[in-house]
Amino acid sequence: MRFITDINTFAALGSGVIGSGWVARALAHGLDVVAWDPAPGAEAALRQRVANAWPALEKQGLVPGAALERLTFVDTIEACVRDADFIQESAPERLDLKLDLHARISAAAKPDALIASSTSGLLPSEFYADAVHPERCVVGHPFNPVYLLPLVEVVGGANTAPDAIQAAITVYKTLGMRPLHVRKEVPGFIADRLLEALWREALHLVNDGVATTGEIDDAIRFGAGLRWSFMGTFLTYTLAGGDAGMRHFMAQFGPALQLPWTYLPAPELTDQLIDDVVAGTAEQQGQRSIAELERYRDDCLMAVLDAVKTTKAKHGFAFAD
Ligand SMILES: NC(=O)C1=CN([C@@H]2O[C@H](COP(=O)(O)OP(=O)(O)OC[C@H]3O[C@@H](n4cnc5c(N)ncnc54)[C@H](O)[C@@H]3O)[C@@H](O)[C@H]2O)C=CC1
Ligand SMILES: C[N+](C)(C)CC(=O)CC(=O)[O-]
């Protein structure tokens, strides 16, 4: 089955924080956008949020023809999706609500229009259970603010066609995003499992009186957070193993996982797991030496520090604020 990837009309259902972010991104990419949200005053709130986002998008560069006037707000689900080439649902995170909503959306949509949900971690096999043509239904999990952050996790359910995943990836790329196909359907996908683990520990630290929320945020902002914008945990720890790389790192710091420092149960470090991690980071490292990667890391860090410093000063903050 072929799905529509050359899109002119983008439908947004639910226009809260995330829905309005999608609307802003789609408008900035020169699309017609049709939105629906059942809350009283939703249209005015949406237009306000998109207007707030627009200066940043103008600065980034609008696609020719992009205009705020290309947003239409409608009264019904059916009017929202009927002519849409791509549909993005950003309704509240409730399984029963999304189940009903997708039965209606999919019944009214063109059969070859992809339908995506912004859910942060509900399972598509469950909330698309009553959908018509479920083979075109995917998760497209974005990050806030949707109009600036490039990552979108694409997840299929039991009935999703592999072609629909590829088609959704194509569409998100045309919207300037960096899709990540989550190959196994698991609650929380990839990114929110990581974020939730951090969040859970942060709450434990507050609850135990170890640190204030500000101190915990400082621990992120001035350390790992600066690194994470350009290098993830696995490659960072490969460099932390020195010239011997990840295998030495695992030997040195692997045992600490059993102490344990955190409240999350750690996986058993089987030989297989260690080998998988070493092989994965070797692939990430590619042909570059540790020293080359260190220079790359340091250059990126300096550029990020510089950018953060300049931008903070522009907004009246000192670097240490
Ligand atoms: N807030 C966040 O940081 C992120 C949220 N998400 C996901 O995006 C989705 C929306 O979350 P938010 O925008 O944060 O919530 P929100 O509460 O800001 O917006 C939800 C909107 O849905 C509307 N709504 C209520 N009932 C509805 C229905 N039956 N059909 C359609 N819309 C309805 C509400 O009026 C509201 O405007 C959720 O699935 C959430 O997990 C994904 C990434 C990040
Ligand atoms: C808190 N959250 C689970 C809704 C967060 C996300 O889903 C992604 C994000 O933007 O952090």
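The backbone N, Cα and C atoms fix where each Cβ goes, glycine too.
Under the heading domain '3-hydroxyacyl-CoA dehydrogenase NAD binding', TrEMBL lists 11-185. Averaged over the domain '3-hydroxyacyl-CoA dehydrogenase NAD binding' (11-185), the predicted model reaches a pLDDT of 97.
Applying an 8 A CB threshold to same-chain residues 6+ apart, the list for I18 (NAD(+) binding site) reads S90, S118, P142, N144, V146. Positions annotated as NAD(+) binding site by TrEMBL: G14, S15, G16, V17, I18, G19.
Summarising the annotation, TrEMBL assigns domain '3-hydroxyacyl-CoA dehydrogenase C-terminal' to 188-286.
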Least Cβ-crowded entry, counting other Cβ within 10 Å, from the binding-site residues listed as G14, G16, G19: G16
Cβ-based neighbourhood (8 Å from the centroid) of the NAD(+) site, residues G14, S15, G16, V17, I18, G19 excluded: A12, S20, G21, W22, D37, S90, A91, S118
Cβ neighbour count (within 10 Å, all chains shown) around V17 (NAD(+) binding site): 13
DSSP-derived class (H/G/I helix, E/B strand, else coil) of G19 (NAD(+) binding site): helix
Where G14 (NAD(+) binding site) sits in the secondary structure, as DSSP reduces it to three classes: coil
Residues satisfying Cβ distance under 8 Å from S15 (NAD(+) binding site), sequence separation of at least 6: V23, A35, W36, D37, A42, E43, A45, L46, R49, S90
